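Record features, source TrEMBL:
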type	residues	note
COILED	416-443	coiled coil
COMPBIAS	1-15	compositional bias 'Polar residues'
COMPBIAS	34-51	compositional bias 'Low complexity'
DOMAIN	359-547	domain 'Bacterial sugar transferase'
REGION	1-64	region 'Disordered'
TRANSMEM	82-102	transmembrane segment
TRANSMEM	122-143	transmembrane segment
TRANSMEM	155-175	transmembrane segment
TRANSMEM	181-202	transmembrane segment
TRANSMEM	365-385	transmembrane segment
Amino acid sequence: MTETVSGGTRATAGSNFVPRTRGGQGMPFPPDAPAGTAGRPAGAPPSRTATGPGGRHSAGRVSPAAVETGGYRAQVTWERRYVRLLVLFDAAACVVAAGLAYFVRFGDLVDFGTQPVSSKPYILMTVLLPLAWVLAMSLNRAYESRFLGGGSEEFRRVVNTAARFTAAVAIASYATKAEIARSYVLIAFPAATLFSMVGRVVGRGLLHRMRRAGRCLHRVLVVGAGESAATLVRLAQRDPTSGWAVVGVVLDRSPGRHSHDSPERSGFDLLGVPIVGTSETLHTAIRATYATTVAISPQMDGETLRRVLWTLEGSDVDVLVSSALTDVTGPRISIRPVAGLPLLHIEEPELTGTRRVMKMVFDRCVAGTIILLFSPLLLGLGLAVRLTSRGPALFKQIRVGRGGEHFTMYKFRSMYVDAEARKAELESRNERAEGLLFKMRDDPRITKVGKFLRKWSLDELPQLFNVLGGTMSLVGPRPPLPSEVARYEDDVHRRLMVKPGLTGLWQISGRSDLEWDESVRLDLRYVENWSLAMDFVILWRTVFAVLRREGAY
């Protein structure tokens, strides 16, 4: 197999990595092409998928040809618009919170028995609070693009800013003897925090929707060799909401790299991303692909990495260096310099202590509230199950919880009573033969009411009683069967370090459509990185996952 490198691009004979060019100048996408049309023949329909391993099409994957062009300038434009939207949300949150606090404190909603007070300080507070709030958020870097659109760091910065801001206002009010009721402050600022969080969740939902459509993306150029580069590409393609659109791969030709480490030997040519050069032609590759971000694989040696960083100085291109760690995120990772060498310090997962108690209290309070509010619905669904098919309303099954302890899990019965006996005859139709789960569409064992319950995930509601009893959590890994646990490999047992959940990353990522390995990866990712902020995000996204009915069967 021969290789030629010309004009910053690389074409391999017999490979799928022949870059799309125009005029032979090594430019993958015409700069004037509309979003979603670059590199496509005239009259061809737009493509929303890219070919994945084995020639399959992966839903939700954004191909390089479907990404809007424009490079750095386009990225700055959408980032500024998104930040302005968040600023608007934060300002509106403060105005609404200030009005709500004044109404609750001095209106007819709550009678505190106070004398009429001057409204001037509160009008001034309503005007100044949004300005001061946005300024505080900006000073705490809550609007920096690296924190927006993914992860929980954005929400942590909002809470951190709110706590500091509330303390500062309280101290200033005491020092200046301002005529502002303490109860007003205690209502306004927590409400502003809550509304700001809601605004950011809404903003993130809008951003994710745009990203699924191939807009508001970071055009990423991956630098690496062999499987290490392929891993970065796979991770980016796995989640279109991450904002990464991999538009090209640059091969790492640092010392020690051999021909057997080429992507062709690792299946990389099946991922649909063109090779556009080598590390020596990085600048040419950036110009050719309009890349705004360079992601470097962890196998690059230090000397080559340093030269790459020097080369990219002043280019307005973000540089991200991947670590060998996967599925361990921000809060557990910090930089610890030792003898001039920046080392990654990895904290242990916080599975005990105060945060665990807070999670337990939150779980039980929310579960109890939902049970009280929706008790008529629960009774109605149970009655519908009982009257439409023979058998009890509830299905009870032994599952494995935290620490390997067995417990009885409750669900509304969605199958006929002889479902377990008929499972053996349906094994050949199992759509998850590669793992431990039994899943099939149009399962004949499911009742008519059961299909409706599963369609809207209503059969899971009785698990709220498990949450209330402490055997499950609102958010956590999928509760496994004892037979599944008996076949676990050693690494998979880490799923049992936390309580299983009513919902989780698996629920918002496709549920029954997930492969076994992907389901395990998501559960382990939750165990490694769980936090209350992460739980809030998962609960919010669960609502939309249920409404979309993805993987519900």
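Backbone N, Cα and C define each Cβ position, glycine as well.
Those TrEMBL annotations? Automatic predictions, nothing curated.
Non-local neighbours of the transmembrane segment (82-102) in the same chain are 119, 122, 125-126, 129-131, 133-134, 137, 143, 145, 148-149, 184-185, 187-189, 191-192, 194-196, 198-200, 202-203, 206-207, 216; each lies 6+ residues outside the stretch with a CB under 8 Å from one of its CB atoms. Averaged over the domain 'Bacterial sugar transferase' (359-547), the predicted model has a pLDDT of 90.
Within the chain, the transmembrane segment (181-202) has long-range Cβ neighbours (under 8 A, six or more residues past its boundaries) at 86, 89-90, 92-94, 96-98, 100-102, 104-105, 112, 117, 122, 125, 129, 133, 137, 154-155, 158-159, 162, 165-166, 169-170, 173, 536-537, 540.
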